[in-house]
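Novice: TrEMBL lists 17-404 with the feature domain 'Catalase core'. TrEMBL lists His69, Asn141 with the feature active site. Residues or ranges marked as heme binding site by TrEMBL: Tyr351.
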Amino acid sequence: MPSAHVFNSGPESVVYTTSNGAPYPEPYEAQRVHVGNKQIGSALLLQDFHHIDLLAHFDRERIPERVVHAKGGGAHGVFEATHDISDLSCAKLFEVGKKTPLTLRFSTVGGESGSADTARDPRGFAIKMRTEEGNLDWVFNNTPIFFLRDPAKFPHFIHTQKRDPQTHLKDNDMFWDYLSQNPESVHQVMILMGDRGIPKGHAFQHGYSGHTFKFVNDKGEWQYVQIHVRSDQGVDFYTQEDGVKLAGENPDIHNAELFEQIEQGKFPSWTVSVQTMTQQQAEQFRHSVFDLTKVWPHAEYPLRPVGKITLNKNPENYFAEIEQVAFSPSHLVPGIEPSADPVLQSRLFSYPDTHRHRLGVNYQQIPVNAPLVPVANFQRDGFMTVNGNQGNRPNYQSLIKPLQYSKRNTVSATHEQLAAAQINNFLSQVDDKDFEQPRALWEKVFDDSAKSRFINNISGHLGGCKSKEIQQRQLKVFQRVHPDIASRIGEKIGVTV
Ligand code: HEM
């Protein structure tokens, strides 16, 4: 089967053609019926495929933008394994010295595709690694925790951070109404409203799995892990004032700077490390390892280095290589497994589902998503089958050519013993333990000037609420973190708890 020709050379080297490849003399021309000598106003012809195809294709240029994380930019690079972790995981990409090609996309969460890079928002940090055992996606954020731990809250939460259904405006009341009624969000709110809320650029932020995953070794033994991708450039931030100013002056600053850095050969890099916990440690841990609102203290669970990520190549074509890239936490390889974190479990479903909607059922065949290794299974046909449809290989499991894979037995036993458990409807409840880590952030991590910026950032946003009731409710949440936070914000916005 002939392979499609990819145009990636300059315009001087190609002949202008119609979409079926026929040479055509002049892109601006259209076939017309000339009546008399009139140059303008003569009739167009339906037979003019060139002209009709041009307009029809233009009419269909936009695909749905991502429902969240719509604004983003990215680049290609490499993951190099630097430290032996074979006792933890049998994934081949972790063999020391191995280099795995990757694509990485940074994004903001709430804004539309054209929104400003310097919005105060968590950042997406999604990596697709093309390993010899298939594609591994790490769909991370730049914060080690998240706003929720009950996945059914996610669409509600996102709606409140986007636009009001009537006014189509962002709405501070909606924003804080949700957060104040769901206080498990306060840890992430404090990171969002602190200095990490507006990174100085894509290169100046860390990425975190947030969720607990499982690493499984070749004996089938497993441990829980949290994955950290720490910036070698260090972490830097814009103040609220700078962020607002740049949103007007240069809304694409982060994407522009990343592109420029890579063009100049100043390749940004990150060090990949893991925290690990055995099943026994997890059972004794103060919090659930499946609670996405909690971190694992580094003093008890130190970082263990794994490898390095370097971005060294800009995309040739943004749409093909960044807009069409489709990440999913369920794109895993042998040796890495999901944990029972319910938010992670929901995400395992949600991403391939949204890709089928946004890019089509054969999204894995789009070149940026296609694994470098051959795909062999019994999926066939569907819109936009472009990879030869697995040729003449049987389209059902046939005893003549059984598919075999030696690592089948590495899938780990479940800690959760789901088979014996009862099924019930569950919603987590907030208790005092939920405020311990946010309190440590305030008392031990923020210095005095970081505290002042945090108070100003919150007061600016919460002060924009029209409802005193919502403001008071959120101050009560902060009071449970630390009374100073509530009183300092209360004083600034003229509200007492
Ligand atoms: C993007 C769903 C939580 C990280 C998305 C998209 C959906 C989604 C539908 C759009 C994907 C696309 O169109 O390509 C959810 C759901 C969640 C959840 C249902 C919780 C129940 C999280 C969490 C993280 C995260 C906890 C990080 C730890 C990302 C990233 C992207 C994304 C990085 C952008 C990927 C890209 O660059 O294409 N999410 N999400 N999400 N999500 Fe989530």
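Counting begins at 1 with the first residue displayed.
Cβ coordinates come from backbone N, Cα and C, glycine included.
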Novice: Taking only the residues in the domain 'Catalase core' (17-404), give me the average pLDDT of this model.
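Specialist: Mean pLDDT across the domain 'Catalase core' (17-404) comes out at 96.
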Novice: Under a criterion of Cβ-Cβ distance under 8 Å and sequence separation of at least 6, what residues of the same chain contact His69 (active site)?
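Specialist: Once residues fewer than 6 apart are set aside, His69 (active site) is near Ser107, Thr108, Val109, Gly124, Ala126.
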Novice: Are there residues of the same chain, six or more positions away from the residue listed as 'heme binding site', whose CB falls under 8 angstroms from its CB, and which are they?
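Specialist: In sequence order, Val139, Ala326, Phe327, Ser328, Pro329, Ser330 meet the Cβ cut-off.
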Novice: When DSSP is mapped onto helix/strand/coil, what comes out for Asn141 (active site)?
Specialist: strand
Novice: Counting every protein chain present, what is the number of Cβ atoms, excluding its own, within 10 Å of the Cβ of Asn141 (active site)?
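Specialist: Summing over all protein chains shown, Asn141 (active site) has 22 other Cβ atoms within 10 Å.
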